[in-house]
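Visitor: Let me give you the structure first, and then I'll get to my questions.
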2 protein chains.
Amino acid sequence: MMRTRPLKVALLGCGVVGSEVARIMTTHAADLAARIGAPVELAGVAVRRAGRPRPGVPEHLVTTDATELVKRGDIDVVVEVIGGIEPARGLILSAFEHGASVVSANKALLAQDGAALHAAAVGAGVDLYYEAAVAGAIPLIRPLRESLAGDKVNRVLGIVNGTTNFILDKMDSSGAGYSEALEEATALGYAEADPTADVEGFDAAAKAAILAGIAFHTRVTAAEVYREGITEVTAADIRSAKEMGCVVKLLAICERARDGRSVTARVHPAMIPLSHPLASVREAYNAVFVEAEAAGRLMFYGPGAGGSPTASAVLGDLVAVCRNKIAEATGPGESAYTELPARPMGDVVTRYHVSLDVADRAGVLAQVATVFAEHGVSIDTVRQQGRDGDASLVVVTHRATDAALSATVDKLRALDSVRDVASIMRVEGE
Amino acid sequence: MMRTRPLKVALLGCGVVGSEVARIMTTHAADLAARIGAPVELAGVAVRRAGRPRPGVPEHLVTTDATELVKRGDIDVVVEVIGGIEPARGLILSAFEHGASVVSANKALLAQDGAALHAAAVGAGVDLYYEAAVAGAIPLIRPLRESLAGDKVNRVLGIVNGTTNFILDKMDSSGAGYSEALEEATALGYAEADPTADVEGFDAAAKAAILAGIAFHTRVTAAEVYREGITEVTAADIRSAKEMGCVVKLLAICERARDGRSVTARVHPAMIPLSHPLASVREAYNAVFVEAEAAGRLMFYGPGAGGSPTASAVLGDLVAVCRNKIAEATGPGESAYTELPARPMGDVVTRYHVSLDVADRAGVLAQVATVFAEHGVSIDTVRQQGRDGDASLVVVTHRATDAALSATVDKLRALDSVRDVASIMRVEGE
C-alpha cells in the first residue's frame, strides 16, 4: 500500500551531519520509502555559502535562502541541522506555520526554547522530533518518552559529551594533564578549535536540560542546570580518583527529589567507582544510565556524536514524522504536566572528595574534622600524607547537601592551618 | 485537552507480570492519564483459577472466562501476559476482531506466528505491540523499529536470557559445574522448576527470531533459529575461556549476510573477550549490542526479566497504543518488505575453540593440523599439554563456515590419535 506522491523534505544545513543525511536519503531511498509507506524526496538544501562542492547533493536543490525554502508551501518535513539559536528558531517556527513537521538536532535551541517550540508545533498540528539532539545515535529521547511512558523515572546519569570524555579518558590512561589531553583531542578532531561549549559543560548542560524535562515530564532550561566544566581537573585529581578505585567523568545528572516535588539537573566532573558501568565508557563514546521505579537500571551506550551517528538519529525521526504525516496524526509531543520546579545546586545531596594542603602539625586533623562536623557533613574516610613540613589531607564525606559542603569549604579556607583547598570533587554512582 | 471517557483495558493473566501491571495502573493512574490524554480503566482481569487473593485487583473485575472478556465489545486494549501459544493466540485474534489493540509479552507466540498476528492487526486497523517480549524492560523493539528506521542494521548480538546468564556467571565466578550453578539459580528463583525453555535456549531463540525480523525488516521464525543450550558447558570450558582472556556467554546473534541477500539467527554458548562490553554483563542482566551502518555500535543494558521490569515495558506499550486509539491511528506495524530468507547454520562464519584429547606421540599435531587445512579451516593458535600418555590439544581457528568446521570435526573424530573431541565452542565479539 505505497502512496505514490512523495513527501518533500527541506534540509537546512549541509555540514557534517546534513551532507550525511542527504547521502543516506539518496542511497537508501528504497528502504526509506518502504519503511515510511511513501517515497521521500529531498526538495531543497539550504546552505550558508553557495558554490562549494557537495558530493551527492544535486546542484539545483541548493539555495542560500533558507527562509524562502521553508515558506515554499510544498514542504512536508524540515530537517534542521544548522545549530545555534538564530536563524534556526525563526526557520523552525516558519516551518510550523507552513504546515511542515520538523526534525532537529539542535540541543542549544531546545534547551532554551523547548516549551515555546513545542507549543508552536501543537498549535500547527505538526511534529517536532529531536532524537539527534542528545547523545547522537543513541536512542534516548524515544525510550524515555515512549518506552518508559508507563514508568516513573527517578534518575538519569550519563556521559553525554564525547569531547570531554575523550580528554578525561586520555588523562586517565596516560597521566597527561588537561592541556596536553585537550591538544591531542584537538589534533584528532575530537575537540573543536574553540572547545568552550564542550569543555565548560555548556553542551552537556543543554542535553541535561532536555533529558530532565522528558524524564520527569516537566520543563527544565539550560539556565537552570548547574554547570562545571573539566578545565580545572588536574592530573592529581585523576591520581586521587585512582587511589580510591575511581575514575573521573564529566557527568550529567538529573534527579527527582526524594519528596517528589522538585527536580535537579547538573553537569560536573565526578569520581565514579571503576565497578560502575559508566566507568568503562572510553574515548568519545557516550552512555546514559536511567533508573526507573519499575524498569530498574537501564543503560544506553553508543557513539554520541559524528556525522553518520547523528544522521542515523535524524533519519529515524524523519521516518517517524513522515509516517505521522501520512496517517494525518502527530506523535507524542511535549509532556510537561508535572510542572516540577528545578531546584538549585545547594539542595543536591551527594558525596565529596576534598583535597587539602595543610600544615603538618598536631591538632590540624582535629580542627578540620570539627569544621566538617559543625556543618553536619559526616566524614567517611581521611587520608593524610606528610610532605616537607606540609601535609596533604584527603577527606571523603558521606552524603551531604552541596550547600553544607560549600559552607564547610568556606570555613576550611579561613583556617590558618589550611594552606589551600586543592580540589573538591563529587563522588557519584554508588 | 483531556478526554474524559476512559479507555478500557482487559488484562489476560494475573501472575507475576499481570499483577504488577494492575498495581501500577492503579497507583499511577493520574500519571498514565496525563501521558495518554485520557484516563485508562482496568475493565476486567482474566485468570485461570478464581478465588485466589489478588491484592490490588478488585474482586468484581476478576473472571475465569477470558474469551467472554475479550468479546465484550467495550474493550479498547487487551494486555496479554498469559504466555504460550494457546489460548493466547485465539484470544489475541478475537481481540483484534472486536476492535481492540493488543499489548503482548508473548515471545513464543510472536516468534512462531508473528506474521499472521501482524496481518490480523492490520486487517482490523489496530495495534500489536510487544516490547516486553524481548529483554524485559530494556527498550529494544522500539529503538530497532523506530529510532533506527532510517539506518541499516547489520548485526544484533546479545544476552537475552537472564537465567542462563546467571548460571554461566556463577560458573565463571565460583568455578562451579553446570548442575551446581543451576541448583543455585533454582534456589534463588532465577530458574524455573522446569528450566528447559531457558537452559536449552528455546527462550533466547524466540527472542532472536523476533529481533532478526525487526532488525532486518524480514520474517524469521523460532524454527529457523539455530539453537544450542548451555547444558553441555563444562567447568573446563569456562577455564579454557579464562586462559584465552574470554568469558562464556549464551549469545543470540542475528546477522545480515555480507552479500545482503540473506540473514542468519542463532543462539549458542560462545567465548567473548573480556574487553567486550557484553563480557561484563553479570548475574541475570541482559544486554544487546546493535551494529548499524550509520549509527555504529549501540548497546542496550538492563534487567531482562522479572515482574516489575516486564510490567514497565507492557505499560510503555499500553500508553502508546492508547494514544494511537485516541488519535484513531496505528503505530508502525510489521515491516517485512525485504523478505530476506534465513540461511542455515552451515553458512555462518565465525571462529572456533576446539578442545581435543589426543595421544601424546610424535606426528599427532601434524595429523590434526592437516585435517583442519584439508577443510580450509585456518588455525590461529594451538596449545598442547601433555598428561599421562595422553595430551590435550586446544585449537583456536580463524574465521570459517560452520559447515567447514563440522566436517573438520567429523574427520578429527575418525582419527586414531584423537581420543575425544572434548568441546567445540564458537568465539565471538572480536
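Cβ atoms here come from the backbone N, Cα and C positions, even for glycine.
Annotated NADP(+) binding site per TrEMBL: A:Leu12, A:Gly13, A:Cys14, A:Gly15, A:Val16, A:Val17, A:Gly18, A:Ser19, in sequence order. For A:Lys107, the entry in TrEMBL reads NADPH binding site. Under the heading L-homoserine binding site, TrEMBL lists A:Glu192. The active site, proton donor annotation in TrEMBL covers A:Lys207. Per TrEMBL, domain 'ACT' is recorded for A:353-426.
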Visitor: With every protein chain in view, how many other Cβ atoms are within 10 Å of the Cβ of A:Gly15 (NADP(+) binding site)?
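Guide: Result for A:Gly15 (NADP(+) binding site): 13 neighbouring Cβ atoms inside 10 Å.
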Visitor: Rounded to a whole angstrom, what is the C-alpha distance between A:Gly15 (NADP(+) binding site) and the residue listed as 'L-homoserine binding site'?
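Guide: The Cα atom of A:Gly15 (NADP(+) binding site) is 14 Å away from the Cα atom of the residue listed as 'L-homoserine binding site'.
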Visitor: A:Gly13, A:Gly18: which of these binding-site residues has the sparsest Cβ neighbourhood within 10 Å?
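Guide: Looking at the binding-site residues A:Gly13, A:Gly18, the Cβ with the fewest others within 10 Å is that of A:Gly13.
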Visitor: DSSP on the domain 'ACT' (A:353-426): how many residues come out helix, how many strand, how many coil?
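Guide: Counting residues per DSSP class in the domain 'ACT' (A:353-426), I get 24 helix, 35 strand, 15 coil.
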Visitor: For A:Lys107, A:Lys207, listed as recorded positions, tell me which one has the smallest number of other Cβ atoms within 10 Å.
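Guide: It is A:Lys107 that, of the recorded positions A:Lys107, A:Lys207, has the fewest other Cβ atoms within 10 Å.
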Visitor: When you average the Cβ positions of A:Leu12, A:Gly13, A:Cys14, A:Gly15, A:Val16, A:Val17, A:Gly18, A:Ser19 for the NADP(+) site, which other residues in that chain have a Cβ within 8 Å of that mean position?
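Guide: After dropping the recorded site residues, what remains is A:Leu11, A:Glu20, A:Val21, A:Ala22, A:Val81, A:Ile82.
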Visitor: I'm trying to understand the geometry here, so how far is the Cα atom of A:Gly18 (NADP(+) binding site) from the Cα atom of A:Lys107 (NADPH binding site), in Å to the nearest whole number?
Guide: 16
Visitor: Check the domain 'ACT' (A:353-426) for me and report the mean pLDDT.
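Guide: The average pLDDT of the model in the domain 'ACT' (A:353-426) works out to 93.
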Visitor: Pop the Cα-Cα gap between the residue listed as 'NADPH binding site' and A:Val17 (NADP(+) binding site) into the table, whole Å please.
Guide: 14
Visitor: Around A:Val16 (NADP(+) binding site), how many other C-beta atoms are within 10 angstroms of its C-beta?
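Guide: Its Cβ has 14 other Cβ atoms within 10 Å.
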Visitor: Could you measure between A:Glu192 (L-homoserine binding site) and the residue listed as 'NADPH binding site' for me? Cα positions, answer in whole angstrom.
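Guide: Pair distance, Cα basis, whole Å: 17 Å.
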Visitor: Relative to the Cβ position of A:Cys14 (NADP(+) binding site), how many further Cβ atoms are located within 10 Å?
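Guide: Within a 10 Å radius of the Cβ of A:Cys14 (NADP(+) binding site) lie 23 other Cβ atoms.
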Visitor: Please work out the number of neighbouring Cβ atoms within 10 Å of the Cβ of A:Glu192 (L-homoserine binding site), leaving out its own Cβ.
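Guide: A:Glu192 (L-homoserine binding site): 13 neighbouring Cβ atoms within 10 Å.
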Visitor: In whole Å, how far is the residue listed as 'NADPH binding site' from A:Leu12 (NADP(+) binding site) when you measure between their Cα atoms?
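Guide: The separation of the Cα atoms works out to 15 Å.
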Visitor: I'd like the Cβ neighbour count for A:Ser19 (NADP(+) binding site), meaning other Cβ atoms within 10 Å of its Cβ, all protein chains included.
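Guide: Result for A:Ser19 (NADP(+) binding site): 21 other Cβ atoms within 10 Å.
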Visitor: Between the Cα atoms of A:Cys14 (NADP(+) binding site) and A:Lys107 (NADPH binding site), what distance do you get, rounded to the nearest Å?
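Guide: For A:Cys14 (NADP(+) binding site) versus A:Lys107 (NADPH binding site), the Cα atoms are 17 Å apart.
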Visitor: Roughly how many Å separate the Cα of A:Val16 (NADP(+) binding site) from that of the residue listed as 'NADPH binding site', to the nearest whole number?
Guide: 16
